[in-house]
């Protein structure tokens with residue numbers, strides 16, 4: 001049975017935050033890295049997450065429920081977009097900090113990395129932030145259809161050297177590694193699913 005995604009909640013302000021007692025996987029990455037496209041790819045729907053030609057359009061925390069497993073993918077605002085004001089960026093930072101504060105339900109952070117570029121300081125800073133919060137990292141290299149295998153492998157190796165884990169390469173356009181990514185997200189959010197898979201093999 002294929003997973004389905006449903007947008008359950010959108011949070012713009014700190015006072016809208018409330019505890020959701022279910023496993024959560026954060027989806028984070030630079031503006032224009034392809035977060036909305038990846039959500040739509042995972043959901044097999046074109047318009048679940050709005051895609052904009054303007055980077056940094058996601059300005060809220062978006063909670064997507066994953067059925068049938070009952071965990072959540074929480075899409076964070078994109079970072080690194082210069083045209084957003086300092087005030088707005090500070091507001092997002094406070095919202096994200098508050099969301100993470102004492103949130104025992106965060107299972108991991110899926111950090112999206114553009115496969116066309118070498119490691120960027122913005123990405124390294126974000127990964128350091130999550131590690132400081134003791135949040136495991138799932139590195140995902142997006143837009144893999146736009147790169148040659150040889151070039152992509154070089155970037156992948158650089159990230160593997162930094163993170164000590166090999167990023168998964170995906171493409172929202174072609175669906176590359178979609179099923180593999182779903183399996184990874186499932187067992188990260190609910191480790192018991194890995195045991196069930198082993199029993200059915």
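Quick reminder: no glycine exception, Cβ is built from N, Cα and C everywhere.
Quick look at what Swiss-Prot annotates:
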DOMAIN    21-191  domain 'EngB-type G'
BINDING   29-36, 56-60, 75-78, 142-145, 168-172  GTP binding site
BINDING   36, 58  Mg(2+) binding site
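Structure with Swiss-Prot features highlighted.
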residue : record              : CB count, 10 Å
29      : GTP binding site    : 25
33      : GTP binding site    : 27
36      : Mg(2+) binding site : 22
60      : GTP binding site    : 16
78      : GTP binding site    : 23
145     : GTP binding site    : 15
171     : GTP binding site    : 21
>> If you average per-residue pLDDT over the domain 'EngB-type G' (21-191), what number do you get?
In response: 89
>> Return only the integer: C-alpha distance in Å from residue 29 (GTP binding site) to residue 36 (Mg(2+) binding site).
In response: 11
> From the Cα of residue 36 (Mg(2+) binding site) across to the Cα of residue 145 (GTP binding site), what is the distance in angstrom?
Replying inline: 16
> How long is the line from the C-alpha of residue 78 (GTP binding site) to the C-alpha of residue 36 (Mg(2+) binding site), rounded to the nearest angstrom?
Replying inline: 10
> What is the interatomic distance between the Cα atoms of residue 36 (Mg(2+) binding site) and residue 60 (GTP binding site), given in whole Å?
Replying inline: 13
